[in-house]
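Trainee: A single structure is presented below for examination.
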2 protein chains.
Amino acid sequence: MAASTATATVPGLTVQELDELYKFAVQLGKDAGDKLMEDAKARWGGGSGSNNHSQQEMREKENAVDIVTKTDEEVEAFIKGRIFDRYPDHEFIGEETYSAGSSRQYLVSSSTTTLPTWIVDPLDGTVNYTHNFPMFCVSIGIVVCSVPIIGVIYAPFTDQLFTSCKGKGAWLNETQSLPLVKGAPLPESAPKGCIFSCEWGKDRRDIKDGNMHRKVESFVNMAAEVGGREGKGGMVHGVRSLGSATLDLAYTAMGAFDIWWEGGCWEWIHPPMTPTAYTLWKQASKDVAAGIAILLEAGGLVTTANPPENWETAEVQDVGLGSRLYLAIRPAGDTDKVTKRQAQERVVREVWKRVRELDYARPGA
Amino acid sequence: MAASTATATVPGLTVQELDELYKFAVQLGKDAGDKLMEDAKARWGGGSGSNNHSQQEMREKENAVDIVTKTDEEVEAFIKGRIFDRYPDHEFIGEETYSAGSSRQYLVSSSTTTLPTWIVDPLDGTVNYTHNFPMFCVSIGIVVCSVPIIGVIYAPFTDQLFTSCKGKGAWLNETQSLPLVKGAPLPESAPKGCIFSCEWGKDRRDIKDGNMHRKVESFVNMAAEVGGREGKGGMVHGVRSLGSATLDLAYTAMGAFDIWWEGGCWEWIHPPMTPTAYTLWKQASKDVAAGIAILLEAGGLVTTANPPENWETAEVQDVGLGSRLYLAIRPAGDTDKVTKRQAQERVVREVWKRVRELDYARPGA
């Protein structure tokens with residue numbers, strides 16, 4: 001790896017190297033997404049509307065978990081192979097990196113190495129993928145010294161490509177800069193007027209004051225009329241659930257979602273994990289590296305989902321990868337009264353006021 | 001209008017007339033969707049990422065309601081004009097047809113006329129549209145003798161076109177027949193394994209046992225672990241909320257959503273309506289004509305969302321347009337044990353078991 005030059009914006013990379021890395025990552029995202037789509041289409045019938053023999057056979061042989069596991073592994077191997085061909089000295093974190101029984105410490109170190117680390121989720125939105133609902137994607141993030149510098153998210157079924165590179169902006173389909181509407185202020189009465197994005201997740205235990213019930217209580221607080229819920233009613237403009245944390249982040253970067261609240265989905269699972277636990281854990285530990293890279297480059301804010309005790313006055317800290325409890329606010333514009341950061345922090349507090357702390361812990365934390 | 005011939009599948013239309021009508025409706029949907037997209041893009045910034053003067057001016061002049069109202073009216077006028085140019089004797093029902101102060105009886109009569117009635121929603125997913133979230137669309141349905149015969153839904157931001165014509169199948173982008181996977185059986189343990197689509201809607205009143213709370217109770221029953229919620233836990237594979245009833249139906253026809261439950265959103269609003277009430281009412285009374293046409297043609301089932309008292313044994317009746325309380329089940333395949341209809345009805349009962357009756361009434365009902 002060449003030493004940094006005076007014009008480099010990322011430690012350890014020249015401007016030209018960063019350009020090349022970005023271009024390479026974008027093409028890789030497109031190619032990997034195309035592979036996801038090919039695999040999906042192989043399960044579909046043809047245009048005739050008639051039954052398809054090989055399809056029926058496939059249905060009998062494969063269940064939903066098999067489909068995802070096979071595609072996950074194949075597309076990850078494809079991505080990993082391409083990266084190591086071109087950048088043999090880079091680090092790589094993917095699904096397989098967290099293999100069953102291994103330590104699941106968070107792997108992106110804040111060490112002084114300036115070698116880029118690739119953080120790859122070959123398939124986010126796995127439930128959507130098995131059901132052929134378009135909200136699935138490939139997610140490729142590149143981190144240097146713990147800072148996300150490149151993000152590539154490609155949703156092939158809708159042909160939507162979200163990309164960013166530190167200092168070069170965030171983009172939809174490489175031509176439309178993000179957010180779509182520049183400088184749009186956050187609503188003064190937020191969360192009223194906001195689209196609130198959230199996910200039901202996998203923890204469906206019907207335990208009194210358990211995570212599912214805390215989540216639902218939080219959703220209802222955000223949705224209820226102003227004045228309702230003992231003053232917690234937020235009357236958001238809409239509640240959306242797509243089933244893909246990566247696309248939630250992408251649409252927040254785009255400005256379409258004002259607020260994304262993801263109460264984390266880590267569960268403490270002791271090794272060695274059963275296959276079921278491992279599957280759950282893999283689904284729960286999806287990467288957000290690319291999404292956060294794109295959101296930050298677009299001007300969004302990411303902080304913790306769990307409200308601090310002193311939520312009215314606590315510092316709104318930017319959180320990095322691995323926190324696993326995310327609250328994202330869309331890019332915003334300054335107004336005559338407040339800066340964009342002040343407006344975003346105000347919305348953060350309005351969300352903290354209404355949501356419950358969830359009880360997930362990062363393995364090893 | 002020419003008399004029906006021996007080969008006609010729709011009363012009052014020859015095969016050729018039906019073909020022409022279908023082709024005309026599809027092109028109209030595409031053109032109308034393109035207009036929606038043009039209007040949306042006019043609000044975006046350019047590719048430079050810099051602030052845009054005219055855009056800022058527009059932001060100051062127009063609020064979200066204005067944007068939607070203007071686009072709604074323009075696109076409806078465009079569609080209506082094109083239809084009356086070509087088919088001056090057809091009936092037309094759109095947003096404006098239900099103008100403030102007029103009777104809001106359900107307008108599609110079951111009279112003996114065989115003149116096609118166009119039921120048009122120029123913009124479904126209005127909240128998404130104002131926020132630039134891609135899940136908005138144009139919806140064009142054609143009904144003859146109260147039977148939906150043609151459906152066209154076009155979501156221009158994702159370039160997804162859903163179409164159907166009675167006897168000719170249902171299609172994605174005109175080349176891929178729906179459902180995507182033919183003959184896929186519904187899960188035997190449904191709703192476990194199903195994607196459940198539902199919307200939070202506009203009624204957010206925090207009233208004890210009010211509609212919002214009944215909805216949320218229903219959602220939680222569907223989501224909770226099997227065995228939870230006093231036996232009502234359904235452990236669906238995923239809960240999705242897109243903010244567009246029309247696209248919910250389209251994705252159910254596609255097979256991506258297994259279950260769509262829409263507890264209706266009519267509210268009894270006495271004329272003359274205030275502008276606010278009228279806006280709420282318009283949003284609440286969105287057409288589902290195109291979506292139901294496509295879903296039925298693909299092999300789906302539509303019945304009532306409100307569970308009958310004897311939900312275990314009550315006949316599962318197909319409901320027509322105007323019922324406003326919909327439960328849709330995706331197309332399914334026969335298995336060795338049950339027919340597709342039996343499987344769909346089983347899922348209907350499993351949903352009825354878990355959802356609450358909502359308290360909406362159709363105006364005039």
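Placed from the backbone N, Cα and C atoms, the Cβ positions cover glycine too.
Keep in mind the model is a prediction, meaning the values are calculated, not measured.
The following feature annotations were taken from TrEMBL:
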{"type": "REGION", "residues": "A:41-63", "note": "region 'Disordered'"}
{"type": "BINDING", "residues": "A:E95, A:D121, A:L123, A:D124, A:D287", "note": "Mg(2+) binding site"}
{"type": "TRANSMEM", "residues": "A:133-157", "note": "transmembrane segment"}
Trainee: Looking only at Cβ atoms, how many others are within 10 Å of the one on A:L123 (Mg(2+) binding site)?
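Mentor: Cβ-Cβ neighbours of A:L123 (Mg(2+) binding site) within 10 Å number 29.
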Trainee: For A:D121, A:D124, listed as binding-site residues, tell me which one has the smallest number of other Cβ atoms within 10 Å.
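Mentor: Minimum Cβ neighbour count within 10 Å, taken over the binding-site residues A:D121, A:D124, occurs at A:D124.
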Trainee: With H, G and I counted as helix, E and B as strand and the rest as coil, say where DSSP puts A:D121 (Mg(2+) binding site).
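Mentor: The residue in question, A:D121 (Mg(2+) binding site), is strand (DSSP, three-state).
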